[in-house]
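Asks: Mind looking over this structure? Questions follow.
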Amino acid sequence: MGSSSSTALARLGLPGQPRSTWLGVAALGLAAVALGTVAWRRTRPRRRRQLQQVGTVSKVWIYPIKSCKGVSVCETECTDMGLRCGKVRDRFWMVVKEDGHMVTARQEPRLVLVSITLENNYLTLEAPGMEQIVLPIKLPSSNKIHNCRLFGLDIKGRDCGDEVAQWFTNYLKTQAYRLVQFDTSMKGRTTKKLYPSESYLQNYEVAYPDCSPVHLISEASLVDLNTRLKKKVKMEYFRPNIVVSGCEAFEEDTWDELLIGDVEMKRVLSCPRCVLTTVDPDTGIIDRKEPLETLKSYRLCDPSVKSIYQSSPLFGMYFSVEKLGSLRVGDPVYRMVD
């Protein structure tokens, strides 16, 4: 662990060694804080809180299609279901099999090579060896509604048409696929369904993201990880929405409530990592080992919260949006404290 990381731990009252010990303390702290927040979300009266700047927003990404390339933006709205740039929302589109089951880069790694351009009311998709295709953001209401399946939960999606379905089928060359779009008239996946045994978590809905409306990582945490890897990785391996500079490695583990721009966020959980992190975003090749194995060597959770994270290493944080608004690259990131 680097000296800057040790400084952060000392400042936060956590011991520098061993790593597993302070990770356990941080995880227990997360559970304790969450247990006290049942009635927090939009029900408690506003209280005066101090603001402590902990960093600066250095990057913002929106991922319109789940598992495809992210779109870097300078400014974004934060809705209760995640980021939005104009009419395009984060992970509101998803590739599915013909039976409605989701398809991600875990099964089709080359999805990460599909790039997306936002222009007016259209998405333009490009991929290696394929002609670009233009997809309207607003779909005809007559398009079929599919019953989809995402991590064992039911959710609906409106079919995006035969042309783009054939485009993905031709590109991936394994079986027939469809592209579906979520709209806000549909029912999202709720906290109670995502984590039925964790009743202390604040209530929110998501469309096609894995777990939460916002995913945040610090630059310093990636730097720390790269000191342990033979082959360095970049932030795109981890697909965050917000990247923060100016803090120390894994300091984001301790952030409970944040103010960025005029957006207030509440910590939900740490981000458990899976084999998707081993897909190279530049080649679409899945390694299945790194950086996941290295993360497992020093970023496992405390046994007390193993029911949530199992054997997945933790890297990055999930947040819910408590006060809607907008934020932009360059905004200070404030930790809100009593």
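These residue numbers are counts, starting from 1, taken along the chain as shown.
Glycine too: its Cβ is placed from the backbone N, Cα and C atoms.
Taken from Swiss-Prot, the feature transit peptide applies to 1-35, supported by sequence analysis. Under the heading ubiquitin cross-link, Swiss-Prot lists Lys59, Lys138, Lys144, Lys156, Lys173, Lys187, Lys289, Lys296. Taken from Swiss-Prot, the feature N6-acetyllysine covers Lys156, and the record attributes it to a large-scale study or a structure entry. Feature annotation from Swiss-Prot assigns domain 'MOSC' to 188-336; the stated evidence is sequence analysis.
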Asks: Return one of helix, strand or coil for Lys144 (ubiquitin cross-link), based on DSSP.
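Replies: It is coil.
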Asks: In terms of DSSP three-state secondary structure, what is the assignment for Lys296 (ubiquitin cross-link)?
Replies: helix
Asks: Over the span of the domain 'MOSC' (188-336), count residues by DSSP class, listing helix, strand and coil in order.
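Replies: When I sort the residues of the domain 'MOSC' (188-336) into the three classes, I find 37 helix, 48 strand, 64 coil.
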Asks: Long-range same-chain neighbours of Lys289 (ubiquitin cross-link), Cβ under 8 Å, sequence gap at least 6?
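Replies: In sequence order, the residues whose Cβ lies under 8 Å from that of Lys289 (ubiquitin cross-link) (at least 6 apart) are Thr278.
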Asks: Give the sequence-ordered list of residues that share a chain with Lys156 (ubiquitin cross-link), lie 6 or more positions from it, and have CB atoms under 8 Å from its CB.
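Replies: The list for Lys156 (ubiquitin cross-link) reads Ile145, His146, Asn147, Cys148, Phe182, Met186, Lys187, given in order along the sequence.
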Asks: At the Cα level, what's the spacing in Å between Lys59 (ubiquitin cross-link) and Lys144 (ubiquitin cross-link), rounded?
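Replies: For Lys59 (ubiquitin cross-link) versus Lys144 (ubiquitin cross-link), the Cα atoms are 36 Å apart.
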Asks: May I ask which residues of the same chain, at least 6 positions away in sequence, place their Cβ under 8 angstroms from the Cβ of Lys296 (ubiquitin cross-link)?
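Replies: Within the chain, Lys296 (ubiquitin cross-link) has Cβ neighbours under 8 Å at Ser311, Pro313.
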Asks: Do you know which of the recorded sites Lys59, Lys138, Lys144, Lys173, Lys187 has the most other C-beta atoms within 10 angstroms of its C-beta?
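Replies: Comparing the recorded sites Lys59, Lys138, Lys144, Lys173, Lys187, the most crowded Cβ belongs to Lys59.
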Asks: What whole-number Å value do you get for the CA-CA distance of Lys144 (ubiquitin cross-link) and Lys138 (ubiquitin cross-link)?
Replies: 14
Asks: Could you state the whole-number distance in Å separating the C-alpha atoms of Lys138 (ubiquitin cross-link) and Lys173 (ubiquitin cross-link)?
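Replies: That separation, Cα to Cα, works out to 27 Å.
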